[in-house]
Amino acid sequence: MEGELEKKRVKSEDEGPTAKKPKVLDELSEEGPLTQGDVVYFKKEAIWRQMKAYKEKSRMLSRQLENVQSLYETNEKKLNVLDSWYGQVINLIKFDTRDSDLNESLLIRITNVGDSELDSTLEKRRVKLLEILGPIVENSKISDVEKGDLFKKIEELNNEVGELKTENSTLSKLRSDCASQIEDLQNQVLSLMKQIEREKSATLKRVDESMSNGAEVKQEEKPDGSSETKNGQQQDKVDSEEYEKLHVKIEELKGENELISKQLEETKTKYQDLFRENLEIKDRLDNLNESDLKNHPSYQEVLSNNQHLSERVSELQKINDSTIQKLQDMEGARDDFKNLINKELSEECESMKAQLEKSESDLARIRTARDELLSKQSILKSELEKGASHEQLDKMNKILNERIKSLESQREGDYSDEKLNELSKEEVVKRAGMLYSEIKEIEQAFQQTREISMAKLASSTEQESLIKKLTVEKTKADQKYFASMRYKDALTAENKVLKSQLAKSQELVNKLNELEKSYNSKIQILTKSNAEFKAIKESSLQENTKFQETIKTLTARKSGLEQELSRLKSSLQDKVKESAAMEQDLSSSRLTVEKLDRKLRSTESLLKKYKSKNTSSILQEDEKQLEALRAIAKCSVCSKNWKDTVLTVCGHVFCHACTQERLAARLRRCPSCNKGFSANDLLSIHL
């Protein structure tokens, strides 16, 4: 915005007369009354502070946008990777489920989110996964005991889900509260930054110094002598009562800020104590004693689950045997499938090679026949062109003979017998000599032209024949070149096809090898887990006897501790409620006392000031100073509203009502400098 104002200012100066206009003062005067330059400086500084606040907000928003953008990109990458994994799993594992019904209870139904294309793609992916998972679930035979364990696990998971939902709701509420607090803190930071900028402002310091020193403010007059209320020359005075109220409010806010800072320090100390207690509790939970474990209900649940685990070990042993048998069957089927694929690939490769050789031989035969036909065609074209050149030469000879005959007949008419008889002998002899010499010259010229024309004709015929031969050879060479290039393109295309087929076959072989490795690793894992289950079974049987003895002693103790715990919890809740209410009352009372104390001190200081400086001269100077300050802050057009709108084209400040009235009346020029402006050039500010 500041750059645009500078550009417009430079443009207006260039368009003006050759003599440069005097620039507005860019520095604030240090002594004497406030001048028009100080007023302009004050306006510019207010605009600059507002623009800095806008810039700070923009920077915060851009930082938040960058964080959201990075989070979106990471989630998009994760989603693409998961999609590719699901696609690979679906392509690797395929079952024939044309005659079987899909088990719709395995996967959740897709919720309609408004995007039909997304719903259709997810529905297709869900159907494919159901086709893969359905036969596996149906083929795995689950006993009644396993179903009971599954139902128990489902109940436990439902309980955990309910707890997590409650925790999620509390965390979401806490997050919303924290977000609102963060927003309030951001607003407070921005307001404090504005306040710091105002405290750093040189114009405000200058105004405060002028008020304290009682300097007289003189109004600047223009050469035409018109009133400032109409042309923006006179300045209104600042309201002293409003300044006093603002001073009292600032003192109250300072007191509140100090009290809030004290409360913040207290909350920080409380938070540190609670954090320390939390760390101690976590350390104690990580290093629990045997007595703590015995009293904990989870320990008793472990004892009850131990028996279920021993039963589960025996069932897993049976499942392990069945899975080993299935793995062996799958390995045999995999070997058969691998041999079948290799056989089909070799047969297909041989058939494609034979077909390729046959097509190459046919292509060579067709190309040779085509080259022969093209050469014959070029020869015939050259012969036709040669015949056409001979016809043109015959026409030229006929035209020359006709011309010679016409000239001979003309000369015979000039030298007829009657005219010769009329001439004398000397004239006849003279003319005969002249004719004889002319005839010799004509014969020589005719012979020379004849020789030159014959030589040119021979050379032209030779050149034409040579050009025709060269064109024929060029066409043959071009045909051979294009044929070789087409043959090369065909070979490259065939090579690419063979390479792609070879890569696919190699990829398939690699996938089969990976499947073999995965099956072997699964077999090893199952054998290890089987051995571990056996060891766990033996140890669990030994521990079971010990646990049964301790359970009897712990049940009696558990009932008494539960009663005592419920009583302590109820008393603790009552105490917490009482302490919270008392702390809230105490903080509110402290805040009110601090406000009243600050207000009392500020009013006492103002009272002392007025008692000490209650003279007529000082009051007059104060009134003049206040009027000058009011003139700075009041609109120069209407002289009743505060300045809150700046024209960005020239930097002059007026009230919002006057600018809107001028726009409505189509008086779209600045009252101070007569520069044109529009509705887009208005900027709201707060002085």
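Yeah, the Cβs are placed from backbone N, Cα and C, and that goes for glycine too.
Curation does not apply to TrEMBL; its annotations are automatic.
Annotation comment: TrEMBL describes 1-26 (among others) as compositional bias 'Basic and acidic residues'.
Sequence annotations record features per position, and here TrEMBL assigns region 'Disordered' to 1-29 (among others).
Taken from TrEMBL, the feature coiled coil covers 147-202 (among others).
Residues or ranges marked as region 'Disordered' by TrEMBL: 204-241 (among others).
Residues or ranges marked as compositional bias 'Basic and acidic residues' in TrEMBL: 217-227 (among others).
Look at TrEMBL and you will find 243-291 (among others) tagged as coiled coil.
Taken from TrEMBL, the feature coiled coil covers 342-410 (among others).
As annotated by TrEMBL, coiled coil applies to 488-518 (among others). Long-range contacts of the coiled coil (488-518) within the same chain, counting only residues at least 6 positions beyond its ends with a Cβ under 8 Å from a Cβ of the stretch, are 92, 331, 334, 338, 341, 345, 349, 352, 356, 363.
Mean predicted confidence for the coiled coil (544-613): the pLDDT average there is 69. The feature coiled coil is assigned by TrEMBL to 544-613 (among others).
Per TrEMBL, domain 'RING-type' is recorded for 635-674.
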For the domain 'RING-type' (635-674), residues assigned helix / strand / coil by DSSP: 9 helix, 7 strand, 24 coil
